[in-house]
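Read through the structure below, which is laid out as structure tokens, and then see the notes.
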Amino acid sequence: MKTRSMNRAVRAPGGLSLRLDLRALIVVALLLVAACAAGVALIGTGDAKIPAADVLRTLAGHGTAYQDFIVNELRLPRVLVGLLVGASLGLGGALFQSVSRNPLGSPDVLGLSQGSTAGALVVIVLMSGSTTQVTVGALIGGLATGLAIYLLAWKQGVHGYRLVLVGIGVSAIATAVNGYLLTKADMVDAARAVVWMTGSLDGRDWDQVWPLLALCAVLVPVVLAGARGLRMTEMGDDVANALGVPVQRVRLVLMVCAVLLVAAATAAAGPVSFVALTAPQLARRLTRSPGPNLVPSLCMGAALLVAADWASQRAFGADQLPVGVVTGVLGGGYLLWLLVTERRAGRI
Amino acid sequence: MLVDSPPEQCAETAPAPPTRRAARAFGLLLSAAILVLVALASIAIGAKSLSLDQVWHGLFHGTGTYGDVVVDERLARTVLGLLAGAALGLSGAVLQALTRNPLADPGLLGINAGASAAVVTAITYFGVTSLTGYVWFAFFGAAAVGALVWLLGGSRGATPVRLALAGTAISAALYGYLQAVMITDDAALGTMRFWTVGSLASATNSTILQVLPFLAVGTALALGLARPLNAVAMGDDTARALGANLGRTRALAMLAATVLCGAATAACGPIVFVGLMVPHVVRSFTGPDLRWILPYATVLSPVLLLGADVAGRVVARPSELQVGIVTAIIGGPVFIFLVRRRRTAQL
């Protein structure tokens, strides 16, 4: 599609104006449709296949009792967890990449995922805890790691590069702890730990949906309210300060939101790799607009995760390979493709 | 390059003052002496501690007493620690100079991931079960990924950022594969969870002999590159103006780093941070001249690796903590300290 300028400014009397980026709006709409379509396809996939039309009818409340049980009790929560986790990771990744001003500044690289993993492994290996306890452990691990990274990177403000570098250091320590815990585990615990570490949506139910939904309902508006300030800080701290943006406060609030989003998503589904890294990059390329692209990243994350889970179920059979394997391989492949094409375009 | 160290551009054109050169040479000797002490400690300290007297007896007049057997067992491990440590430190220093990135680490260029993926393939699809069998797989995995990163990074036109990105991307794809195999194959999981932390415990003489030729060639190549890399460190334009052959230097440096790190990883599993940290510490007292950094890194890296190995044996007696875990737990905080101390850290 060749683009002309697709921005429209809407002016209201009294000097108020709103810039509408039509292309971004279209991208968001298409991504939402894609996410929902992938969700419906995912509900229909499994040992008992259900056609898409029946899925939609059942979701609307007109299915048979059998379909109703499978769709609403078994598979809908899984899809909702997938959508929410993907959305949280996409949004969290966009925030981290914007704050660190680095396309590699995703939670995978910064060590949040490894911190969550350490929390979960402590519960799995040392306490042989239940699924709920593992979730709590991962949440505590993720939040503690986020706090540690922020405090260690703080030195009269948090600087983009320092954040990434401190994150890499923290990530290596957490990885070593995880490796140690894995060598201490017995075989059953180790297998359980590896599945958790890959990131999986298997067996997620309504108990995971509600807390995630509540968290997203609170945090997403907070993040979007701070988006304007974030866009300014991307021009540099000095410029943003001069424009009246309280840089460190905006950054602190958004970082807290990002850590909460990513930690909650990781606690719910495990450290699904690369969604947080690729979603903002893909969204940015689709909208072709500068800035953090928060809403497109959110939708892209949701669509990516559910589509990846669907692809994994279709390609390898129901519940054979967790979604994290697919996102890891796809994410790496995507990054390579990016590298080759960007080089041809002379951008890297 | 370190940002806050004063630029010593004179290093290439004018020799350093004689007193400073003497001090650096003396420092190198001192480092070598420390290395000998740490190596002796690595033989003496463990689940059963030996006196230096017993160590001496076992090394030179072995008669098969209990102490002699222990010395024999620990000797292979210490030698491997020396070799692998030197290789990791040297390859880290070369990579940092090559990519002009103070954070370059063999792990960043995908070499660890390549070796891990090859080992898991060997276990699952080729039924290899012995460590001596993995070594070749790990080495070729590392070498293949090194070459691939080099090609994707733009080969002769490679820039630091492109190399790092290519390494990250390939690592990601390979770790996805690794996890898929570990989830579906219990035998692979059973072995890999011990292999991926990095350990010197399973060192044998045959492992050492397998990797020794590669380490020797890599070390000679890397040490010979000090001068051209000094020029490259000043930036592409300056290097060209000074008459350096950029493409050839980069290709050879990448080759040396891959061979060194690939062989070390093949022998003891992926060990992080030695290659990252030691060149930093060395640079803080030698300045940016690679003709000093490289020899110092070669001598001091084994000090760290063996020291970490000894520490791992002491803290968890009578069991032990794998050296890869100890280096990361020591290295992580040191790394964060370095990052914080610097005014602006450049990536």
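Glycine is no exception: its Cβ is also placed from the backbone N, Cα and C atoms.
Please treat TrEMBL annotations as automatic predictions, because they have not gone through curation.
For the ranges A:134-153, A:294-313, the feature annotated in TrEMBL as transmembrane segment maps to A:134-153. Remote same-chain residues near the transmembrane segment (A:209-231) are listed as 77, 80-81, 84-85, 87-88, 91, 95, 98-99, 240, 245-247, 250, 253-254, 257-258, 260-261, 264-265, 268, 291-292, 294-295, 298 (criterion: CB distance under 8 Å, separation of at least six residues from the stretch ends). With respect to Cβ pairs under 8 Å, the transmembrane segment (A:134-153) is most closely packed against A:252-274, considering the stretches A:20-43, A:79-97, A:252-274, A:323-340. Note on the transmembrane segment (A:323-340): residues 82, 197-201, 269-275, 277-278, 281-282, 304-305, 308-309, 311-312, 315, 348 of its chain, located 6 or more positions outside it, place their CB under 8 angstroms from a CB of the stretch.
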